[in-house]
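**Q** What follows is a single structure, and I will ask about it in a moment.
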Amino acid sequence: MGESPDFISDLPQSIIENILTRLSIRDAIRTSVLSSKWRYKWSTLTDLVFDEKCVSPSNDRCVVETNLVRFITGVLLLHQGPIHKFQLSTSFKQCRPDIDQWLLFLSRNGIKELVLKLGEGEFRVPACLFNCLKLTCLELCHCEFDPPQYFKGFSYLKSLNLHQILVAPEVIESLISGCPLLEFLSLSYFDSLVLSISAPNLMYLYLDGEFKDIFLENTPKLVAISVSMYMHEDVTDFEQSSDYNLVKFLGGVPLLEKLVGYIYFTKYLSIGDDPGRLPLTYIHLKTIELYQVCFEDADEVLVLLRLVTHSPNLKELKVSASPVQPFPLEEEGFDLFERDYFDYKLPSLESVKITDASGIRYELEFIRFLLGTSPVLETVTVSSSLSDKDAKMDMVIELLRYPRVSPRAQLLFLQD
Amino acid sequence: MSEGEMAIIKPEMMKSYIWLETADGSIQQVEQEVAMFCPMICQEVIQKGVGSSKNYAISLPQRVNPAMLSLIFDYCRFHQVPGRSNKERKVYDEKFIRMDTKRLCELTSAADSLQLKPLVDLTSRALARIIEGKTPEEIREIFHLPDDLTEEEKLEPLKNTMDDPRIRLLNRLYAKKRKELKEREKLKSVEVEEHVDERSVDDLLSFINGRDPKVVKTSKSKKKNKKRKEQKNGSSNGTCEALEKDLHNLDSKSQSAEIVDNTASCLGDVSNLPSMEDDIFTPKTEFEDGYIDDEIDPALKELLDREVEDFARRLNSSWVLSIGQERQPVNFSINGNGTSRRLTGPAAGHK
């Protein structure tokens with residue numbers, strides 16, 4: 001063993017750090033007992049990621065927590081140089097006063113990426129967070145904050161991810177507009193009812209919460225939108241708007257590539273007076289996923305139709321139907337699909353997935369429309385929420401009847 | 001070499017080549033599109049206009065030997081071809097890094113000197129995977145690391161980065177004291193009731209630090225919890241308590257001395273040191289999973305910390321001062337808890 005020289009210790013520090021960054025922080029710091037050359041190699045690591053696994057497991061949560069606090073404090077004290085990333089995931093509550101101190105320490109060490117994934121119970125973020133002006137990425141979970149008066153925004157922030165944060169909507173709005181470089185924004189469990197977003201460089205937007213209205217005021221670069229919209233009790237509020245929400249919401253995002261909506265999102269888009277045609281063609285839109293679409297509501301189906309017919313490069317479509325009401329609405333004589341819709345072509349659509357279909361008229365018509373207008377369609381996957389075998393069979397038979405313009409189109413009916 | 005000869009035979013070949021010279025003086029030529037995959041070579045060609053002929057070969061950094069170079073160009077040759085799927089690339093990479101650790105290190109170093117970041121990342125990841133989850137002994141064996149730290153050193157705090165003679169002195173004293181105490185340990189068994197009340201010190205500290213009263217309150221309530229925990233522990237460990245009381249006396253003495261001095265920096269000096277050593281010590285204790293724990297009683301260690309601390313104060317070392325300034329004021333109040341935390345941690349670790 002002795003004849004072979006030590007060939008790793010003298011590698012340049014940048015390589016050593018590259019290696020150590022890929023280890024858990026526990027393994028990385030353990031290298032300090034390897035040999036004298038390794039003593040402090042870890043101490044200039046710029047990314048520090050902590051969780052409860054950093055310390056020895058114990059049945060006593062208190063012991064683990066105490067050790068974790070000491071471990072983090074020790075690491076920060078021994079650390080040299082800038083700390084670019086600090087991540088802490090823990091559900092412990094006792095360590096919260098310590099987090100205050102760590103944040104203060106980090107705010108003085110050029111922190112760029114801060115991730116605090118805390119457990120239940122709001123942690124009030126200390127004001128020193130707002131002195132971390134070099135932040136490019138901020139992720140907070142179960143926190144509460146209120147920026148001080150002097151705070152004008154994070155001028156380098158590119159990614160903001162807030163999960164179950166207690167904060168006033170105005171605060172969020174001004175925080176967002178105070179981050180001119182923001183590219184990624186995610187707000188979840190966020191019940192703001194009305195939210196306006198102004199972020200000239202925003203590319204990715206994820207919203208999840210109770211909203212009555214969302215305004216994308218200045219978001220020309222948006223590439224992906226995902227919205228889970230839960231509705232407030234009084235739906236009537238939802239309906240007051242006279243502008244077509246589809247136009248209002250998606251009118252200013254010409255670069256959109258992916259649109260995903262859950263729960264009431266399609267419903268929300270369907271509200272307002274339909275202007276006929278959309279003012280915009282989404283030439284970049286490749287994927288549309290709309291879940292819990294109510295096919296009994298002609299307005300919602302119209303939203304679907306408007307979107308697919310204004311997205312010439314759409315490749316993938318996923319739609320799930322919301323459960324049919326026990327007392328179905330009277331289907332009026334008004335027929336969406338006998339209008340000029342079959343004049344449209346969906347030139348790029350390759351894959352369609354419809355789930356939870358119950359075989360009601362608009363569902364079937366919609367599938368028929370897709371089969372009849374998509375020349376390069378490859379697969380249409382349908383799964384049904386029906387429990388009755390005969391009803392399912394009727395649906396399959398009906399679907400098989402529809403002409404397909406794409407010679408390669410396969411219809412797959414999934415049995416659960 | 002053979003490649004070089006081939007090119008001499010067919011000088012009219014359409015493909016353009018880059019001439020490269022490794023540190024051992026051997027010259028070879030490589031297809032341009034492959035060589036240019038390395039940013040370092042690319043820069044030389046573009047900025048200095050070298051590499052176009054044998055006489056103007058690009059001299060490569062010392063860390064690149066011919067064997068590594070040909071390995072690196074294998075990698076470049078595969079990856080410079082456009083249109084390969086991610087999966088294909090992954091499979092190739094996985095195979096590519098199957099080599100002994102010595103070569104892996106050499107390759108990392110060579111790739112680094114050619115600024116070939118993707119390859120550096122690939123090999124670093126492979127090296128990290130080798131280190132991951134292994135004991136220090138295993139890692140030493142794999143990489144032929146000298147086991148040149150004494151047991152004492154492995155226990156010691158990792159603090160003396162700068163090679164300060166005073167710190168070395170401090171460490172030596174620390175080690176000596178620890179040995180002494182290990183022997184004294186057997187003789188000692190005292191029973192004293194413990195009672196810790198550091199509130200006044202805490203208040204003073206928060207006053208000096210000018211902390212937001214809300215936060216001070218939370219840290220206090222936290223302390224109460226700690227205390228309760230400690231009492232539970234205490235009944236099972238008489239020796240610890242006894243020592244702790246001694247320590248507490250020591251502690252309050254030193255603290256009252258500071259209060260007279262009444263400057264924040266002075267407080268910083270003294271009260272920081274033990275908690276720091278403790279923090280340094282703890283992670284290591286956990287790393288070694290019991291093997292250190294068995295050797296030194298945490299309480300003894302505590303006593304040692306105190307003595308070293310006294311010594312450090314006498315030194316009035318600028319080093320300690322500078323660390324004190326780095327730290328944030330609130331830490332002081334944590335230090336008020338230091339005693340109890342230190343005891344609960346490692347002692348419970350034995351369970």
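Keep in mind that glycine also has a Cβ here, set from the backbone N, Cα and C atoms.
For A:5-53, the entry in Swiss-Prot reads domain 'F-box', with the evidence type sequence analysis. Taken from Swiss-Prot, the feature repeat 'LRR 1' applies to A:115-142. The feature repeat 'LRR 2' is assigned by Swiss-Prot to A:164-189. The repeat 'LRR 3' annotation in Swiss-Prot covers A:203-229. If you look up Swiss-Prot, you'll see A:238-263 marked as repeat 'LRR 4'. What Swiss-Prot lists as repeat 'LRR 5' is A:294-321. According to Swiss-Prot, the domain 'FBD' annotation covers A:346-384.
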**Q** Take the repeat 'LRR 5' (A:294-321) and average the pLDDT across it for me.
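**A** The average pLDDT of the model in the repeat 'LRR 5' (A:294-321) works out to 92.
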**Q** If you run through the repeat 'LRR 2' (A:164-189) with DSSP, how many residues end up as helix, strand and coil?
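**A** Counting residues per DSSP class in the repeat 'LRR 2' (A:164-189), I get 9 helix, 6 strand, 11 coil.
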**Q** By DSSP, what is the split of the domain 'FBD' (A:346-384) into helix, strand and coil residues?
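**A** Helix, strand, coil within the domain 'FBD' (A:346-384): 13 helix, 13 strand, 13 coil.
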**Q** Please give the sequence-distant neighbours of the repeat 'LRR 2' (A:164-189): residues at least 6 beyond its ends with Cβ less than 8 Å from one of its Cβ atoms.
**A** 122, 140-147, 151-158, 195-209
**Q** By DSSP, how many residues in the repeat 'LRR 1' (A:115-142) are helix, how many strand, and how many coil?
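**A** Helix, strand, coil within the repeat 'LRR 1' (A:115-142): 5 helix, 11 strand, 12 coil.
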